[in-house]
Structures are given as structure tokens and as C-alpha cells.
Amino acid sequence: MQMASSEKGILRIGLAFLCLILVKHVCHGFYLPGTYMHTYSTGEPIYAKVNSLTSIETELPFNYYSLPYCKPVQEIRRSAENLGELLMGDQIDNSPYRFRMNINESIFLCISSSLSEHEVKLLKQRTHDLYQVNMMLDNLPAMRYAKQNGVSIQWTGFPVGFTPLNSNEDYIINHLKFRVLIHEYEGSGVEIIGTGEEGMGVIPEADKKKASGYEIVGFEVIPCSIKHDLEVMSKLNMYDSISSIICPVEIEKFQIIKERERVAFTYEVEFVKSNIRWPSRWDAYLKMEGARVHWFSILNSLMVIVFLAGIVFVIFLRTVRRDLTRYEELDKEAQAQMNEELSGWKLVVGDVFREPDCSKLLCVMVGDGVQITGMAVVTIVFAALGFMSPASRGMLLTGMIMLYLVLGTAAGYAGVRLWKTIRGISEGWKSVAWSVACFFPGIIFIILTFLNFILWGSKSTGAIPISLYFVLLSLWFCISVPLTLFGGFLGTKAEPIQFPVRTNQIPREIPARKYPSWLLILGAGTLPFGTLFIELFFILSSIWLGRFYYVFGFLLIVLLLLVIVCAEVSVVLTYMHLCAEDWRWWWKAFFASGSVALYVFLYSINYLVFDLQSLSGPVSATLYMGYSLIIAIAIMLSTGTIGFLVSFYFVHYLFSSVKID
């Protein structure tokens, strides 16, 4: 026994010592994959990558190699893509554009074969639709600066071609002047901590010596069209050096797009040392003008909140508490007399918790609303804290999908518990849980399938491949549905919320109103919309105009203000209906705040007509309206759920203080 115990003691000491070594190693060498810079030595080859061709005119992405561009020496290889990238239509491939670190050079790439009628038609169409070539180096998108009305504007990517003023001919971009900003890193001194491709990281001590070299901190491009001397170019091989080229300004020297024309592609690269540090290299892309506008939006929302808070304060302190206090001070005889003279919300005490129409649908929508709200809040909080790096393309969308799947448990629990509270029994909970799991995802699936047929017909890379459809269906039915059913099971085990008053057998007649209640509900949606419409403009611009959106701090504040406004609006409207002796408050509380989705959808149409005037064709407009409809439905479920839950607890608190038999 002593031998065994001593052996166990030695084993424990050994394990403790091993853990100590591992902890020490981790403390001195903490980093996440891809989180610290890639340093390059002088002359080291770096290959640029190309993403899908995109346009703000059509919103239909296409494969880069669908046009007659030079192909890499080896086969075209697609980079590994996450779920978000695939859904956004990104298709990142390798390219023949080769750079050698800190070596300035002018390079010949290739000469295309004679352009066919189909290729000419395609090039002209892509040129007229303002398609951009999206190129990346060390995960940084190529940035182009242009002058417009005397103002310098930055764009990511460069055009396929252009049509000069007073000309009917189209010209192709076939020469690129790259300017690569590099920062020399010595690999000594203070440890570097910075936001990288996938988050934060620290360069370990052991890697510091290896990391010495140059880091890429900027990638700029100037596109040109040049009619090369094909006799001279045909004698060259890929990556042969050529003399430096000055971009021409005369139309006669541009490379025209026409049949049987052969196009020579060239490029030159200049490396420029910069003081920009690697953690700050995305700053140039993430600059968003209009900080004052964001603050104005927040100030505007705060004014709305203060106004509504004043109304709620008056309701609680001057009306509700006064009535309840006066009522509680009366003796039983006076209470009985007062019961006969009751008016307003106290008259509906026997009907206020009567089961609403379509109660199952209400439970389903509330369950989905809890799931969407939880997903939005967690995603925006993580993004505001800097966990969603812009270099990790598609990670925001991937994270949202994963969160939505995991939060199926909360959705099932909320929907089934509300069902059990309304009905008093848990019978039929499986049907409710299944409906929660399939209602919102089913709507998205139907809309996306319809839009996908349109994208397939256009041969766009934005179309979801069949294999990805099976992946999404697997995630839905293998993760989301079981988790939702599990949440529903937990909801059956939870105690239902007990109503403070009994419900009469015969429903009370509702007095006629001077104006329809739906008019009040529609009007209530304007207040939450006033909270978010300015931020909505920036979000729509980032989605449809290809701009970066990275002011998640502002978005988090706006989200919190929106939640408060939705809660206040719904409470005020519910109280108004109860005072009018209308006990059917359930759906009205939901749509009082949920009606903001209608204004969001109408604003999306307004944005399409007045701000997206370049968007052309019925296909692009259909895609825009389809995606806008999905966003509007998600907002309706989320805001409606917030308003309903707050109103439910308000009504419960209100009538729990009443002592009427």
C-alpha cells in the first residue's frame, strides 16, 4: 500500500511539473494561427490572389477566369473558403501575378489568343456594368485612388475596362502599376501584440529571430490601358523583364476591345518603405466618414427614449400606482362598490389573460425572435470588441450562422414555455418546437432557393452550389432542429408562469373604437425606425456598394437604444389598449414594436430607387428585394419579441397588484 501511494505521489508530482512546463511555454509563446504578420526576406516570391468580379450595377459576382485573363503556370487552385465566403459568392483563386519582395520590376505576363465574338461581347458587357477586379496580396485588397469632382476617393479593386467620354469604343485594362507598402521588422525589442487576420496574438520569443524581414502594410494599384507592340511582346516569356511604362492619355494608345484582337498583359511593381505598422495596416480600408452623423443618430435616439420614458413614468407613477394605492386603502364594502364602477384597464381583469387567436403561431414567432435577437446581440458584442477581423472574410456571416444554430435551445425553450403558460398544459409541445425550428429557416430557404435559380440562370459565382445546399440542410436538421427540440423539452419541465387573475368563461365585449387599432400599431413603428434609420443607411451602403462597415461600437449602442425604444413603445401601446377596454393585447404588443420592419422594408425600396440608381436590370432588383425581405422578417421577429415579452411582464405586474375576485 505504501509503495502504491508513493508511486501515485511521484506520478502527481511529474504531472504537475509537466503542466508547469506547458503553462510556461504557452505564456511565452501564445499566438493563434494566422494572427501575426508574415515577414518576407528580400527577393522572396509572393503571389497575388484574385476574388470574384463584382459590380454595384448588377450585384452578380462572376469568376475572374470567366474573362480572357492570363492564367497561372500551374493549374488554377481555389483557396479554402469558409461558409460565409461561399454564401457571399466569394471565389478566391491563385493568379500569375508574382512579386519579389523589395525588388522593383516591370514584368510581361502573356498575350491572349485572338478575342472571339463571345469574349468581346462578355468584356464589353462587364465593362458597361462597371465590373471590378478584386485582387489581394498578403490578404490585403488592392486599393485604387481616383479623383471625382476634385475629391480623392478610394476604391477596392480596379475596373475590367472603361469607355472614354465622347467615344463609342470600349478599352480593356491590361497594364497594372502596383505600389506595395512595406515595413521593415527587425525582430527584436518589445513583443508585438495586435489584431491580426483572425484576432489578437503575441509573437513568441522563439519566433522573433525568424520573423526578421519585411511585412506588407499596403497594396495600391493604378490601372492602365496600353496598346503594346505585339511583335516585341510575342518574343517574351512569362515573367521576362520589360522597360517601365508610362500610362498613356491618348485614346489611340489604348488597347481596344474588338474581335480578333490580341491583348498583351503586363504589370510593374514598386516597393515603398512605410512607417505604418502591421497591426494598423487595415486602418486605410476601415476609415468611415461621418462620425458626427453616427453621434447625431444616437442623440436622436436618446431624445426618443427620454420622451417615451417620460410617458411610461407617468403611466406607472401617476396612473397605475395611484389607482392601486387608492384601491388597497378602501375597506371591503367600498371595494365592492368600486368594482361596480370600475373603468378602463381594471374592467378587463377577467379577460386580459385569455388565450389569444393563433396562439401557436405567436409562440413560434416569439421563439424565433429570441433566437434571432440572441444571435444579433452576441455577434455585435463580439464584433465591437474586435473579434471579427475584416481580414477573416466571411467570418461574420459564419459566426452568425453558428450562433443561430446553437441558440436553437433558447428558441425552443421560450416558445414551448410560452405555449405551456398560455394553455396551462404542455400537450402539443413537440409540434410547437418543430414549428419554431422550421418557421424562420423555412422562409429563408424558400426565398434563397428562388433567388438561387435566378443566380444559376445568370451563371454567377453568387449561386449556392448543390453541395452547400446539402451542408446547410445538414446543419439545419442535424444541429438546429435537435437543439430546438431539446430546448422545448426543457420548456416542458419549467414551471409555467402563473397568471395573477382568473379568466372568465364568457369573453367581455370590446367597445367600438373611433379609429382602427392597426393604425396606432403602424404609427408606433415609426419611433423604433427613427432610432436606427441613419445606421441602416451605412449598413446598406456597406452591403450593396462594396464598402467596409466596421463601426460596430456605434451599432452596439444603436442596438441597445432600439431594444429600449421597442420595449417602451410596446408598453405604452398595450396600456392604451387596456384602458380602451381592449383585452386582445397579445398580438398588438408584438406588432407595436415589430411594425418597424415595415418601415425598414420601405426604406430599402427608397434606397434602391434613390441611392442605388446604378443598379440595373430586373435580376439585380429581384435579388435586392429578396435579401431585403429576409432582413425585414428577421427584424420583425426580433423587435416584436422584445416588445411582446416586456409587455407580457408589464401586464403580469399590473394585474398581480389587483385584488379583484
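Just so it is clear, glycine is given a Cβ too, placed from its N, Cα and C backbone atoms.
Per TrEMBL, these features apply:
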type     : residues : note
SIGNAL   : 1-29     : signal peptide
TRANSMEM : 295-317  : transmembrane segment
TRANSMEM : 361-388  : transmembrane segment
TRANSMEM : 394-419  : transmembrane segment
TRANSMEM : 431-456  : transmembrane segment
TRANSMEM : 468-490  : transmembrane segment
TRANSMEM : 518-544  : transmembrane segment
TRANSMEM : 550-573  : transmembrane segment
TRANSMEM : 585-605  : transmembrane segment
TRANSMEM : 625-651  : transmembrane segment
Paired segments the transmembrane segment (431-456) and the transmembrane segment (625-651) in contact, 3+ CB pairs under 8 A: yes
Contact call for the transmembrane segment (518-544) against the transmembrane segment (468-490), three or more Cβ pairs under 8 Å: no
Any contact, the transmembrane segment (585-605) to the transmembrane segment (468-490), with at least 3 Cβ pairs under 8 A: no
